[in-house]
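What TrEMBL records for this protein:
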- 123-292: domain 'Lipase maturation factor 1/2 N-terminal' (DOMAIN)
- 448-570: domain 'Lipase maturation factor 1/2 C-terminal' (DOMAIN)
- 12-30: transmembrane segment (TRANSMEM)
- 75-95: transmembrane segment (TRANSMEM)
- 102-126: transmembrane segment (TRANSMEM)
- 253-274: transmembrane segment (TRANSMEM)
- 310-332: transmembrane segment (TRANSMEM)
- 369-387: transmembrane segment (TRANSMEM)
- 399-423: transmembrane segment (TRANSMEM)
Amino acid sequence: MAGSRLPRQLFLQGVAAVFMFAFASLYTQIPGLYGPEGILPARRTLRPQGKGRWQQLWETPTLLWEAPRLGLDTAQGLELLSLLGALVALGALLLSPLRHPVIYLLLWAAYLSACQVGQVFLYFQWDSLLLETGFLAVLVAPLRPASHRKEDPQGRQAGALPHEDLPFWLVRWLLFRLMFASGVVKLTSRCPAWWGLTALTYHYETQCLPTPAAWFAHHLPVWLHKLSVVATFLIEIAVPPLFFAPIRRLRLAAFYSQVLLQVLIIITGNYNFFNLMTLVLTTALLDDQHLAAEPGHGSRKKTATSWPKALLATLSLLLELAVYGLLAYGTVHYFGLEVDWQQRTIHSRTTFTFHQFSQWLKTLTLPTVWLGVASLVWELLSALWRWTQVRGWLRKLSAVVQLSLVGTATVALFLISLVPYSYVEPGTHGRLWTGAHRLFGAVEHLQLANSYGLFRRMTGLGGRPEVVLEGSYDGHHWTEIEFMYKPGNLSRPPPVVAPHQPRLDWQMWFAALGPHTHSPWFTSLVLRLLQGKEPVIRLVQSQVARYPFHKQPPTYVRAQRYKYWFSQPGEQ
């Protein structure tokens with residue numbers, strides 16, 4: 001089997017890049033979100049309760065407890081932490097020696113510290129995903145830089161250690177959990193738009209921050225939208241088990257399907273660093289051979305193949321074709337695909353019921369756990385085999401110690417992850433080993449493993465709700481307070497802001513979906529605008545001069561909820 005040295009390096013660089021984007025984006029918003037004059041001052045979240053220093057740190061794991069020792073308040077400490085995090089991540093992105101476990105541990109600890117005081121503005125699934133991925137990077141990162149290792153005549157690294165590929169398997173398992181759960185929840189939510197395959201006829205228009213390309217995607221034919229939903233279910237539910245396929249080409253096919261989905265989402269939606277993070281996870285499906293990392297791979301001469309190898313290759317090809325055929329048949333059968341040659345369209349509909357899907361999920365979820373177990377056992381046995389090839393008793397002893405430590409950590413993290421993964425099917429959750437539940441409960445607050453499920457329900461089926469703030473000096477003449485990113489001005493095209501996440505604009509999208517009592521922070525936002533607090537104003541308009549009440553705060557502020565739709569082609 002081809003090695004994973006280059007994919008691991010790509011993974012570590014990718015994690016560093018995402019940390020850099022996340023810290024830099026957060027840094028610019030801290031005064032308005034968490035400062036003393038911000039919407040949710042961070043200092044209110046950290047109040048000593050007379051507990052010991054280490055107990056306090058364990059229960060609320062944040063380095064910001066130490067901010068007062070440096071003469072800083074919580075928000076200033078958060079700014080310092082974010083700035084240092086962005087710089088360290090940039091260093092790890094550019095310099096190979098800095099891709100070290102200690103560096104990734106510091107990045108993880110810094111972001112976990114921010115999430116502890118981030119409140120509602122840091123409660124997104126991609127923040128949890130970054131924390132989980134960042135911790136895996138601690139195990140994946142080598143203690144010794146790869147550039148210091150010699151290669152044998154066959155191009156293999158002589159200094160490569162038996163355990164190095166083992167934690168990288170956890171990245172593949174995380175990608176599987178993320179994608180499979182995201183596909184399943186769309187159907188378990190009973191959302192009529194997902195079941196009717198019409199979700200994408202609303203999605204591009206009603207997502208939080210559309211891009212200019214979303215307008216064009218929204219006006220594609222309805223039959224193509226429905227077919228795209230079918231493809232989404234195929235990529236998110238049917239393809240992920242292929243991540244563990246023994247046939248390399250199946251894993252590569254799964255890789256390219258995931259990349260296609262993420263790239264299309266990036267083009268049509270501003271989901272900050274989330275899709276970049278997912279693309280980083282897909283590196284776990286690659287190998288050195290595919291990335292041309294093996295010296296002389298392209299110049300090898302064809303040699304005669306023995307009949308057992310030829311037979312094995314033929315059987316692999318037949319199995320691969322059988323998998324593709326099964327996926328095609330299942331897609332056609334379960335989504336009733338029919339080609340209309342006259343209208344040149346493809347009709348699709350869901351041919352199974354919610355009860356049938358629930359029974360299927362109940363039957364399949366536990367086997368996917370055993371699939372993960374079998375794949376992990378294979379990785380452990382492969383690592384053990386590589387250990388037997390180590391020469392020299394001292395190196396052998398050192399390798400077995402590292403293999404034992406990393407192997408134990410890998411198994412422990414896998415067991416922990418089973419608990420949030422099993423949330424997709426309650427019956428499976430109750431049948432898990434109790435030891436896994438206890439282990440997860442002990443470290444749950446560290447966010448080492450999380451549950452996922454993106455786009456569970458489609459919102460805005462009757463038009464996109466949007467909260468518009470207006471200010472006035474006399475209560476009669478009102479002026480709109482326009483945000484930089486969220487929809488407001490009808491004549492302004494949607495912006496492209498990723499990988500930056502304007503967190504206030506995102507929360508305004510959630511606020512529009514329910515009454516103001518569901519968004520307690522909203523009252524604080526209005527109060528800060530009435531007070532004319534500049535840090536909050538800069539969240540609305542970075543150029544204060546463009547804020548309509550920059551000279552004098554408004555006497556009144558009101559919020560009205562409108563419904564928005566994309567314009568039709570040809571409209572002004």
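Just so you know, glycine gets a Cβ as well, placed from its N, Cα and C.
Where the annotation comes from TrEMBL, it is an automatic prediction and has not been curated.
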Worksheet item: In the same chain, which residue numbers or ranges, 6 or more beyond the ends of the transmembrane segment (102-126), come under 8 angstroms Cβ to Cβ?
Response: 12, 15-16, 19, 22-23, 26, 29, 33-34, 40, 42, 45-46, 60-64, 74, 78, 81-82, 84-85, 88-89, 91-92, 134-135, 137-138, 141, 271-274, 277, 446-447, 450, 452-454, 501, 503-504, 506-507, 519, 521
Worksheet item: Any chance the transmembrane segment (12-30) and the transmembrane segment (253-274) have 3 or more Cβ pairs under 8 A, given the pairs are 6 or more apart in sequence?
Response: yes
Worksheet item: What is the three-state DSSP composition of the domain 'Lipase maturation factor 1/2 C-terminal' (448-570), stated as helix, strand and coil residue counts?
Response: 33 helix, 21 strand, 69 coil
Worksheet item: What residues in the same chain, six or more past the boundaries of the transmembrane segment (310-332), come closer than 8 Å to it by Cβ-Cβ distance?
Response: 230, 234, 238-239, 242, 245, 247, 249-250
Discussion item. Quick test of the contact rule: Cβ under 8 Å, at least six residues beyond the ends. What residues does that give for the transmembrane segment (75-95)?
Written reply: 12-13, 16-17, 19-20, 23-24, 26-27, 30-31, 34-36, 38, 41-43, 63-64, 66-67, 103-104, 106-107, 110-111, 113-114, 117
